[in-house]
Structure formats: structure tokens, C-alpha cells
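Peer 1: When I checked Swiss-Prot for this same protein, it listed these features:
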| type | residues | note |
| --- | --- | --- |
| BINDING | G75, F80, E98, S99, T100, A126, E127, R141 | S-adenosyl-L-methionine binding site |
Amino acid sequence: MTFAEELQQILPPDLPHRDAVIASAARHLDLIVETNQHFNLTRIVSPREAAIKHIADSVIPWRLFSGAPHVVDAGSGAGFPGIPLALVLPETRFTLLESTQKKARFIESAAADLGLANVEVRPDRAEDWLKTHRASIVTARAVAPLTRAVGLFAHALRAGARILLYKGPDAEAEIAEAASEAAKRRVHLRVVERYELPDSLGARTIVEIR
């Protein structure tokens with residue numbers, strides 16, 4: 001099946017702007033496949049796996065981001081979760097940070113191709129950019145263990161941002177390991193959402209640092 005057909009099957013029925021999200025998310029995945037011929041953006045390119053692990057994983061917890069004026073995706077890679085969330089939440093401004101220049105150029109090109117006026121791409125390291133900029137929410141999928149993440153996002157936390165990190169099924173163990181670092185920095189870590197990916201492709205946990 002095509003990306004669009006897979007997404008039609010697996011995305012939640014109550015997802016905002018669902019049909020438009022499916023069309024644009026499928027186009028995003030097509031662009032990744034095209035670009036992967038020249039340099040590696042992701043190893044996940046089969047329609048079913050990409051639809052689940054890239055798009056569904058990004059948008060299932062969309063309600064946590066709803067109503068936030070400005071969301072920062074720290075280390076966006078090929079545009080996840082930032083681009084799918086921006087499709088679902090067109091009224092929210094998104095800044096996608098990606099320090100690898102080729103990937104940043106790809107995300108910028110993809111956002112332009114999709115007509116995402118609510119997306120800005122910056123070729124910067126998250127920990128540097130966040131020292132001088134503010135955000136309502138900072139999120140990331142491929143991020144360091146929580147022990148390090150507490151320090152990486154220290155400036156954003158001091159500026160009042162809410163940190164929402166996509167984690168796997170062992171988040172509680174990470175939270176326990178990070179307890180002393182969190183106490184030292186006077187922040188709190190907690191699980192705010194859990195969900196299962198379709199096809200038994202894994203359990204996911206959203207951890208909040210605040």
C-alpha cells in the first residue's frame with residue numbers, strides 16, 4: 001500500500017484535519033524516500049513501518065501540545081515530531097532545530113513543499129538556541145537519557161518552558177536514574193501519557209520535565 005493508504009488505516013479517527021494531515025504526511029514521507037537516495041535521513045522507509053514509527057508516533061499525543069503558542073522540536077532529524085504535529089496544529093508556531101546542515105536543509109525544503117507557514121527551521125544545536133530564545137513547549141524524540149536531558153534543557157526550564165520528551169517503555173527506570181540530577185536542579189519528572197503503537201511496534205511514554 002501507499003503511504004497515504006497506510007496512514008488512512010492507522011491514524012486516530014479523531015485526529016484534527018485528518019484528511020489534510022494524511023495527504024501532507026504522505027508527501028513528507030515521499031520526500032524522505034527521494035532524499036534517502038542521496039544521503040541517509042532514516043532507515044525506516046517501508047510504508048507501514050514509516051507510517052507507524054514516524055507519523056503515528058509523532059501525532060498520537062497531539063493533545064499535550066494543543067493550545068501552546070510556540071513549540072520547539074529539539075533535534076528534529078527528518079522532521080519528527082515537528083512536521084506531523086505542525087500539520088495537526090496549524091495555529092501553533094513550530095521551530096524545528098537540527099544541527100546537521102543537510103538534514104536542516106531537507107526539513108526546510110519539506111516544510112516549504114507542504115506549505116507549512118507555521119514552521120521555522122533553524123540549523124542550530126538545541127542547547128545553544130534555547131539559551132537565547134523562549135518556547136512554550138520543548139519536545140524531542142531522539143534525545144539523551146533523562147539524566148542528561150535535565151541539563152540540556154536547563155535554560156528552557158528556567159525560562160518557563162514545559163519539556164515533553166518521547167520515550168520508550170522503560171521511562172520509569174530513566175526517571176529513577178535521573179532523580180538526583182532532577183533534585184539538584186529543582187525540577188520534576190513525570191509520565192504524562194502512555195500509548196501503544198499499532199502492529200505491536202512498541203510502547204511509548206511521554207515524560208514531562210518541569
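Cβ atoms here come from the backbone N, Cα and C positions, even for glycine.
For each listed feature, how buried is it and what is near it?
Peer 2: Around E127 (S-adenosyl-L-methionine binding site), the same-chain residues six or more apart in sequence whose CB sits under 8 Å from its CB are L152, F153, H155, listed in sequence order.
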Peer 1: On the three-state reduction of DSSP, what should I expect for E98 (S-adenosyl-L-methionine binding site)?
Peer 2: coil
Peer 1: Express in Å, rounded to the nearest integer, the largest CA to CA distance found among the S-adenosyl-L-methionine-binding residues G75, F80, E98, S99, T100, A126, E127, R141 named in the record.
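Peer 2: Largest pairwise Cα separation, rounded: 18 Å.
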